[in-house]
Amino acid sequence: MVENRPFLGFLTHLVLIAGVIVVAFPVYVAIIAMTHTDVTLNSGAPLLPGAELISNLIAVWTFDPPGAPPFWLMVWNSTLMALIIMVGKIAISIISAYAIVYFRFPFRTLAFWIIFITLMLPVEVRIIPTYEVVANLGMLNSYAGLTIPLIASATATFLFRQFFMTIPDEMMEAARVDGAGPLKFFRDILLPLSRTNIAALCIILFIYGWVQYLWPLLVTTREEHFTLMMGVRQMAGAQEVDPQWNLIMTAVVLAMLPPVLIVIAMQRLFVKGLVETEK
Amino acid sequence: METKRTVFPNKLLPYLFVAPQLVITLVFFIWPATQAVKSSFERTDPFGFSTQFVGITHYIRLFQDPLYLNSVGRTVVFAVAVTAISMGLALLFAAAVSRLVRSSQFYTTLLVWPYAVAPVVAGILWWFLFNSSTGILPYMLRYFGVVWNANLNGTHAMILVIIAAAWKQISYNFLFFLAGMQSVPHSLTEAAAIDGAGPLKRFWTIVFPLLSPTTFFLFIVNINYVMFDTFGIIAATTNGGPNQATNILVYKVYSDGFIGLNIGSSSAQSVVLMLFVIALTFIQFRYVERRVNY
């Protein structure tokens, strides 16, 4: 800070405290709703915690919501989907960046541009034909269908390419003089050097996989492959008849907890991943 | 495009390395996109027996369809409001946090986590708050004489989805603004302070202009977010209603094509959106390329 202005300092804190309250408010209300019965919630939402937290948690974990599979199965599906997408995106991006940076081969530039094009074609603009491709390949209602079509990643490829370009040429030359082939160089030098980048990307990509909604909605019709996001949507949608807000909000809070905890626990890495991949 | 000074001599290996990425891209991205373009020029009879080329009929119909034009209008309102609110608040918070030394980390942690909240979840959270029978906010609004009902009132529904979408995006914008502000050299603001410029004047004449690359980048990213990533918010709250009031383009493509099974029109809508993303990506990369470092 350049100069001491007590009033401005006070105002700064005031703005931030107000901001934090506004940002946290919906989640606060949801957490409060987790601790009440549906009867209390339907007679007007309370602002102070009640005593029903444990029973709501038990109810959600054992409850089989109408039109959706048991809660634990959806947690499992979401976790598996997010992890497969995370690992898959990193694996195929790091090897394609390696090929593009450390090899010269015909159509190299073409390959780069094809990967680049994925940025311009989000799922939302090609819903039906992509669904048809997945259906023709027999991948509806499978983990393969849920994950493989989302695994291509231009941003991760660009990040690794950018990073590989900053690694001194001497590193690879020295490795070759010592007799290392391309696979050994990749495994013993490039992978260890990329550790931080991989870790940062893991956070961003896990969240990406966890929050997917449209894609699982398209490719799963059977309940056993429903993800958590579909499940909470389903529960909230069934509300008009029999509002059990206590259970919905418990499920919603549980559904948002894993990625939020990851962001808070690994904030530095998360910020690095976010700012570097997107730029 | 550059490579390393020396490269590995293998001929087959690089193809094996790029193959997985290329196969997925061709099968699940490029091929479906060409199919969308193709079927936007075709009409298939209801039983799928024959397909005929109909030229730009679908496009002409689309731009004469009042429902589509309504959707375009709603999308513009939605996009402008979400971008303005989330970028404005994020800029304010980032400016405040960058003034602090000891507690900046603390506030940053409390402001960034909504990034990890899924759009569907964000939608449900705000839907619960604004629920006309049990929500807290309608209860408070009653004191101001507002009878809140997002199920029936289109304006209320639009306000709801705007708030939910903006809320989720603040943390992202905040992080980028903060990173941008931290890279503004201290010597500049200190020199201005010595010359007698107050904090507000320093912000508007030094920090904000130097942030312009970040602001522009965020503007593009936010438009992209509002156009495509808000599907979950709409799907979890209003489903495009009431009476088309929140039927933004991305939701309409889905509901016309996947639920209404109007393939021709949905494909034409897809192609229009595709051209829009291509234009955005083009602008973003042209610009970022020139101004990576400032």
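Placement of Cβ uses the backbone N, Cα and C atoms for every residue, glycine included.
A TrEMBL annotation is a machine prediction, not a hand-curated record.
Per TrEMBL, domain 'ABC transmembrane type-1' is recorded for A:75-266.
Residues or ranges marked as transmembrane segment in TrEMBL: A:7-33 (among others). Proximity of distant same-chain residues to the transmembrane segment (A:7-33), defined by a Cβ-Cβ separation under 8 Å and at least 6 residues beyond the stretch ends, is recorded for 41, 45-50, 245-246, 249-250, 252-253, 256.
Summarising the annotation, TrEMBL assigns transmembrane segment to A:80-103 (among others). Tertiary neighbourhood of the transmembrane segment (A:80-103): same-chain residues 111-112, 115, 143, 146-148, 150-153, 156-161, 164-165, 172, 182, 185-186, 190-191, 194, 198, 201-202, 205-210, 212, 216, 227, selected by CB-CB distance under 8 Å and a gap of 6+ residues from either end.
The transmembrane segment annotation in TrEMBL covers A:110-128 (among others). Cβ atoms under 8 Å from those of the transmembrane segment (A:110-128) belong to residues 96, 99-100, 149-150, 152-155, 157, 214-215, 218 of the same chain, restricted to positions at least 6 beyond its ends.
The transmembrane segment feature in TrEMBL is assigned to A:140-160 (among others).
Annotation comment: TrEMBL describes A:197-215 (among others) as transmembrane segment.
Sequence-distant contacts of the transmembrane segment (A:245-266) (same chain, six or more residues past either end, CB-CB distance under 8 Å): 27, 30-31, 33-34, 36-38, 40-42, 52, 56-57, 59-60, 63, 65, 71, 75, 78-79, 203, 206-207, 210-211, 228-229, 231-232, 235-236, 239. Residues or ranges marked as transmembrane segment by TrEMBL: A:245-266 (among others).
Residues 77, 80-81, 84-85, 88-90, 92-94, 96-98, 100, 115-119, 123, 130, 133-134, 194, 197, 201, 205, 209, 212, 215-216, 219-222, 224-225, 227, 276-278 of the same chain lie 6 or more positions beyond the ends of the transmembrane segment (A:140-160) yet place their CB under 8 Å from a CB of it.
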